[in-house]
Amino acid sequence: MPLLRILGRKPTQVSNTTNAAEVDAFKDKQGHPSFATEKIVIGEDTPSVYSREVTTTKDPSLNPGALSFEEDAAGGMGRHLGVFSCTMLIVGRIIGTGIFSTPSSILSSVGSVGASLMLWVLGFLLSFCGLFVWLEYGTMFPRSGGEKVYLEAVYKRPKYLATVIFAMNAIVLGFTASGCIIFANNILIAAGHVADRWVVRGIALGVICFVTLLHGLTPKTGVFLMNALSVFKIFLLLFVVISGWVVLSGKTHIKDPQTNFRNAFSGSSRSSNDYATATFKVLNAYAGWSNINYVMNNVKNPVRTLKIAGPLGLGICAVLYMLANVAYFAAATKDEIRKSGVTVAALFFKNVFGTKAERALSVFVALSALGNVITVTFAACRINQELAKEGVPLPFGNKFWASNWPTGKSPLPGLIIHLIPSIIIIIAPPPAIVYPFILDVEGYPQQIFNLFIVVGLFWLRWKKPDAVRPFKGKSCIWCQDPSWLPLSYRAFQFGYHSHYSSWLQPFSVSVSPPDGSSSFTNGILVLVAPFLRPANRVGDTPPLPYYLYCLVGIGIMFLGVVYWAVWRIFLPRIFGYKLVPEKDTLDDGTVVTVFSRKKI
């Protein structure tokens, strides 16, 4: 029942000229937006309240950045993504290759089938709580950019500091390399060729260049292929699930398929460290539920669509993940899964269909990885474009990078920004050390941003209690009590590099008081924990020091502070000018902030 309430009611239609007074009239006695069925203006073509940024209409001081809602959404293909495409955007991002390999790793960590399945349920619940934070922000500020928008809405002083720090992190660490490498490896396996390092790199480079041109030159085809591959992933997992049901029925050659489900918790680990590490892997497999928030300018009726597609996409993945795990455990014993040395999905196909089917799985995994690359790239380039539109100083001027050149419909320049670090990571040797290290470097600053975003939500609740919150209205009874916010933050933090200390595990199991003090403390602990010596004493990127990725991540953020200081403070003082923001409309309709230098 709560999930149905989260999805919201039928949108109420309002006119294009809805002003603050109309918004006030559209609120209930408790001061929240009322989504009753009374209509202000009736008409098929009039936009609904779900397609407008009602929050900043009532309180302009909350406007993130320099552009208004209408200016920020101008240009490009406009709003062309409906509920189906947005749901597939989440499904395509979440379902990559993790579900085909992670279950065996989790079983090895926790020791029992029952504990493994429970962690998949816990991972869904924690991810769903994390989704709550992004739903509230996304419905208040339905613009492309995700974290970039939310940081700007909360941390307005010093001006542009949050934007530049986020930009530095997004550009330097904005790459899609692992999916391209996985695609290359699996295609070579399916073809029966040796996966030579430079052959793999060549194929991976071809993949990222193909995806860049696909989205940059043929955006409609890119969306179609993205949706098609997401649907393919759903059917692939459904095939696994149905095959698992047949195995459980006992009508196949698999002997005693229910053996893993008798005494399912037998052999469970008693180490909190094992459970914390396994939960982190589960949360990685669920990562991607915030993907719609990065492309909101392309979404039809963005508020309503986000409230539907967000829970729906995550829910579809959770159900498929759980049932796929059941299928895996029906087709192989625990010892087989542990000793196989291959992904659990490969073992499943081999046991159920034979060795030829195992090779066919390599093609399926490659296509799943390709779909993930296409989905991630589609969202990442929109973030880069939003940063350029905000006036962040970039080489050759931010106008070019903010544009939809050359088609006028898709941000090829933003795709190029994403392409450059991806190429560097793909060809950077040695991969055995570089890839895990880069993933760690990418994750640590993101945890810092997550901490500031969740703290910022508390601040908005306290500072702006009367702000219009479409997700916090009567349509969601869970949101009346802010006590879920600490648990939401744990969705980001639980198990994050938790192999560093077994005491990280307990802070996931209870909901803190509404004051949020415990959540803030836990966030600090998680950010400090990676500096503690891990249980294996070397970390996961030897011979590099286990704490080095934290220092590099912090260093990249600090580089953003330096870049901001040079741009906003030192150069203006040295050369005697001040930066004056102006708005310019490009040929494709995109509105961009540019800064002129005025002598003082």
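Numbering starts at 1 and runs along the chain as it is shown here.
Just so you know, glycine gets a Cβ as well, placed from its N, Cα and C.
Unlike curated entries, TrEMBL annotations are predicted automatically.
Residues or ranges marked as transmembrane segment in TrEMBL: 81-101, 113-135, 160-192, 198-217, 224-248, 308-331, 415-438, 444-462, 546-566.
At the 8 Å Cβ threshold, with sequence separation of at least 6, the transmembrane segment (546-566) lacks contact with the transmembrane segment (113-135), having fewer than 3 such pairs. Between the transmembrane segment (160-192) and the transmembrane segment (198-217), the number of CB pairs under 8 angstroms, six or more residues apart, is three or more, so the stretches are in contact. Sequence-distant contacts of the transmembrane segment (224-248) (same chain, six or more residues past either end, CB-CB distance under 8 Å): 84-85, 88-89, 91-92, 95, 99, 214, 254, 257-258, 316, 320-321, 323-324, 326-328, 330-331, 345, 348, 352, 364, 367-368, 370-371, 374-375, 378.
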